[in-house]
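Annotated in Swiss-Prot:
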DOMAIN    49-169  domain 'CMP/dCMP-type deaminase 1'
BINDING   N90, L91, E92  substrate binding site
BINDING   H103, C130, C133  Zn(2+) binding site
ACT_SITE  E105  active site, proton donor
DOMAIN    188-294  domain 'CMP/dCMP-type deaminase 2'
Amino acid sequence: MSEKIRKTLSLIESQQLAQDVWHILQEQHFKGMLPYFTVEHLCTKHQLTPQQLALKLLPIAAAYSLAPISQFHVGAIAIGQRGAYYFGANLEFASTHIQQTVHAEQSAISHAWMNHESAITDVVVNYTPCGHCRQFMNELKTAPQLKIHLPHSQNNLLHSYLPDAFGPADLDIQHFLLDAQNNQLTYETQDPVMLTALECANAAHAPYSKSYHGIAIETKDKQIYRGSYAENAAFNPSLPALQVALNHLLLSGDTLQNIQRIVMIEKANHLCYRHMAEDLVANLVDIPLDYIAL
């Protein structure tokens, strides 16, 4: 990851800004986020607004992309309510279903979610959001005020891209993606990876199917990455927990080759994600999915 990011630095107009961000990311082992106080410091030093700074950093966000199919690298930055930046990038997985793909806006928002962000105010992206992503972003409580910023056009409300939008309220749902959630699932274990998967299943946003699942990925150096299921009112833009967890791992500067264990805990109701998850795990790593049904 460090080499991919290093190659993008020349795309940032100010080389002083590029070097400042390089040193920050290097110090945090290339975790793809910037705390609000770091954003404030960079904005002050380089005389930029948070939105202007994010636009300049999009090449770095896009460096986290995995696009073996399209070779089309999209970068996004979700800005949290206190001003933190959460990078995101499109993730494609060859030799499996195209539905396993993660879009850059989904990546940035789910990355924010796994870092316990509770509200997104702005999404900055290097290409116009596709319809899939517009619908995904409409699952946020902040959707009516959410601003989209592109290199060629800034300060656009999400609903200017999604007029007469269909969303959670149309299905009488008042609970939104990123809202605190406890699905009250229980499982007796002292295993920290299983406990993390259970915690993620309890945090899943699935008000439509009420089918909850969570993923925990353990690496060879004992890091644990999290993924909760993010359901959508339009169903198809929903994001499975495995993709959320893989995204969390990659945006944390880690690698697929470092994975040694994947645990999935699921309370299936109208839906079951087990086989979809097993297919992607078998495609990516030489380990079985550790699946627990509640």
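Placed from the backbone N, Cα and C atoms, the Cβ positions cover glycine too.
Among the recorded positions listed here, namely H103, E105, C130, C133, H103 has its C-alpha nearest to that of N90 (substrate binding site). The average pLDDT computed for the domain 'CMP/dCMP-type deaminase 1' (49-169) is 98.
Taken residue by residue with DSSP, L91 (substrate binding site) is part of a strand. C133 (Zn(2+) binding site) has its Cα within 10 Å of the Cα of these recorded positions: E105, taken from L91, E92, E105. Cβ neighbour count for L91 (substrate binding site): 23 (other Cβ atoms within 10 Å of its Cβ, all protein chains included). Cβ proximity to the Zn(2+) site centre (mean Cβ of H103, C130, C133, cutoff 8 Å) flags the following additional same-chain residues: A104, E105, Q106, P129, G131, H132, R134, F136. A distance of 9 Å separates the Cα atom of E105 (active site, proton donor) from that of C130 (Zn(2+) binding site). According to DSSP, the secondary structure content of the domain 'CMP/dCMP-type deaminase 1' (49-169) in residues is 40 helix, 30 strand, 51 coil.
One way to see the shell of the substrate site is to take the Cβ centroid of N90, L91, E92; the remaining same-chain residues with a Cβ within 8 Å of it are S65, L66, A67, S70, V74, A89, F93, T101, V102, H103, A104, S107. Listed binding-site residues: N90, E92, C130. The one with the lowest count of other Cβ atoms within 10 Å of its Cβ is C130.
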